[in-house]
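Worksheet: one structure, shown below.
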């Protein structure tokens, strides 16, 4: 009952004309960003974040807008996956497998409508789970002290290392680079300047916005040059076909299972929509047995990743809001956005700033309904947007990034630094590094150091404080398991393959 | 090879980070962990992981041709010109100039690129400065 009344107060925040307009704008802009190949939710938020900051929006309004972009982009990612066979973002990769074959055989409309309904169901199911589990997790997190938070952050970083990207070592290096960036500036404990090279612009540390825009948006422009000269995909026509009741009946359990899978994976720190959609797809394919058309346009193969990636997007909000630990690269940016607005996510957020926490959750209900309404009749507009030439798009992106960064401090230094970070981000992406760990390291760096120093101050320098109770020991054990288990399983798989080859 | 070069650079960075952190001294501090502990830990971890990457690098499949390198250099130069001219020429002129270059680079002809970028500068100024009230430079050459 208590949850319902606080949720009702959240709706009062979300349904003010200003916030409602921002939800709709965020969802529309997000769908567009998600639909455009290569841009995706992270870049969408990265481009809008400095604008939202400079426009002086209230923290609740700004986060409602940015979250709208996030789940809007998760919706939009499927459009180019289905019609172009090019995923709008990493979370939509699995959607190409069955969505594009459907579009090729003239069922583009059916695929788009079914994926929209699956996305809606995934998001709504995950939102209900979020409303149920968030207060429980918050109650647990309130008991956390600095030592528990250190162990939790190490767990988040370990999850990241074992689950993001193909090479764990590259993920760790990315996180270390982010953590190192977080040490730049005046040390809050002693007032000492660290790694500022005498540049006054770095005294306050490396600006989060400059890093996000540089690494994501600027490096994306460099990648777009490659795509442009490498040739793009062919746009499939959207047929008049539409989702049938029989389709919905056929995918009902698939959507339910994938929503649960997506939510659980989304809640785990470090994982995200891409992992969730891959796991949900694999699960459904296995469960379908022999009787399936997976890979050739099976409706279950389309519904599963769509429900899962939208569910994961919502699930990744849970650790961000309750623990202050981002569940994915995109929520790391949202976490940074909250910190920019002087809002500290964590267990106290729900008691100290309920308007922001519950306003955001309520706005997600509103946004998802808006997205479904938007995506069914307006899909033609988004499809037409796919055929906008990059020659028109790129100058707009460049302009938005420059205005966004310049309007924060009014300093050219930030623009040059953003370009430098953009080139560095591009280099990392070309070398197969994921940028999400860098952002996660940057966001968690200061909090991790603060908590570690606070914990060691309490214990007068005794490192044993980090291992002295059940919660910390459990988290350290889980961290070790998360790191070791994939290696053991990989070795066992290799051994089994070797044995099978020898027997053959 | 690319991974090995990068890991070498990372190792140099890790040593520099560790060296700089070692010299961070404070006359007095109220806590057992000073400002140097975390950077030192990070430097050691970075050195170790970079070494691991150097020993077991990835085999990168993507080819990176000279023509692509030239195009990327052009993009970076355009961005640097934009950053340099943003305050000097102001938002409208610099957007016109650099927008034209980007539109050309992505395949628009000169005429359309010029018209589109002029419109982008003009409309962008109205929206950013007028509607959203953002800090958009007028240009020092115009006394801004």
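Each Cβ is built from the backbone N, Cα and C atoms, and glycine gets one as well.
Keep in mind that TrEMBL annotations are predicted by a computer and have not been checked by a curator.
Taking TrEMBL as the reference, the stretch among A:260-281, A:282-303 described by the feature transmembrane segment is residues A:260-281. Highest Cβ contact count with the transmembrane segment (A:323-344) among the listed stretches A:111-134, A:140-160, A:172-193, A:260-281, A:356-378 falls to A:260-281 (criterion: pairs under 8 Å). Mean pLDDT, taken over the domain 'DUF112' (A:20-440), works out to 84 on the 0 to 100 scale. Between the transmembrane segment (A:172-193) and the transmembrane segment (A:415-445), three or more CB pairs separated by 6 or more residues in sequence fall under 8 Å, so the two stretches touch.
At the 8 Å Cβ threshold, with sequence separation of at least 6, the transmembrane segment (A:415-445) lacks contact with the transmembrane segment (A:465-488), having fewer than 3 such pairs.
For the transmembrane segment (A:465-488), the residues of the chain that approach it from at least six positions outside its boundaries are 143-144, 147-148, 150-152, 154-155, 158-159, 161-163, 168, 455-456, 458-459, judged by C-beta separation under 8 angstroms.
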